[in-house]
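Below is one structure, written out as structure tokens; the observations come after it.
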């Protein structure tokens, strides 16, 4: 099963150029970019799967709306998946499953997230009153219901990046995780500076070839990510803790930012790809999903998933040439690297004899990551996979590994092998 091509819209800070769009607009742009780049006939795809996290109520199956908008045949089924920050990963591997089962030969998978406009609800009491008003038969009933509304009922319910089972925000959890693994503020700031510096270099050198230009209706043409901001350690040091005050170490600058963006990949059976005249980028090899305690191990997905997927693929850390890990927070990345390098953690928590070891930094997230490029929750997985494929080609490596953590204490890892040149 091969990855033929992958594209994404520029990832933009929420509330910037995409602010007046809807999620399906971004997803449609990514799909149209994929159509344009691959030249695949619009009826040659068997299935379309998209990932998203914060759903726009009007387009709950955003995959279908985006596919129709992009001009795909209306005969192609489409569904939407959600698995927090690994939603696009789930979309891709669901496609791999359909192909492996012989159901499909060609699947388009992707993800979209639009944080510029999220659903803000009325309070529960207000919603109850409004639904009752809808059913009220007489004027008296209506007036009585209207009279029951209190000022407190008008306060809205805002969505939060928080864990439902523990009510803890992800940033707070990242701060606790960093503290548990002894990750200092300086280490986190250094990693964030590294991410932004490498992203800027990759952008300037034209390495981010998955980014397509997108003409935003009524606005400009957008052709690059706008969250890449290389900074100095001195500037980073001035920021106050964002979650655990006053002594926390996680700040706005060493965390990923709210991002709007969409991605798409074309996944096919190798036989079908070659029959259609495509030169695939990479093989999608083994993958795993993992789950842990969402309170104390919320963001340790990569630590649990990496050894599992390497075992499945019969590989070791030294066989991997390219690593692309999702950077939710600098503290989360550093904590995972420390956990992966700890025999004690492997034995105590993972039931393993020894540690898996840490990725060599000269192979790790070399074109920036979620901290700098941006992290549209539902779209990042496809960016990781496409980046691995593109880096393997550029760097001449054979094996790449993607890994990501996600809300709910979940995680994903996949081995990707370069297609022979």
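Just so you know, glycine gets a Cβ as well, placed from its N, Cα and C.
Residues within less than 8 Å, Cβ to Cβ, of residue 85 (active site, acyl-thioester intermediate) and separated from it by at least 6 positions along the same chain comprise 53, 326, 328, 375, 377, 380, 381, 404, 405, 406, 407. Taken from TrEMBL, the feature active site, acyl-thioester intermediate covers 85.
Marked as active site, proton acceptor by TrEMBL: 375 (among others).
Within 10 Å of the C-beta of residue 405 (active site, proton acceptor) we count 35 further C-beta atoms, all protein chains included. The feature active site, proton acceptor is assigned by TrEMBL to 405 (among others).
Taken from TrEMBL, the feature domain 'Thiolase N-terminal' applies to 1-271.
Across the domain 'Thiolase C-terminal' (278-417), DSSP helix (H, G, I), strand (E, B) and coil residues number 57 helix, 35 strand, 48 coil. The domain 'Thiolase C-terminal' annotation in TrEMBL covers 278-417.
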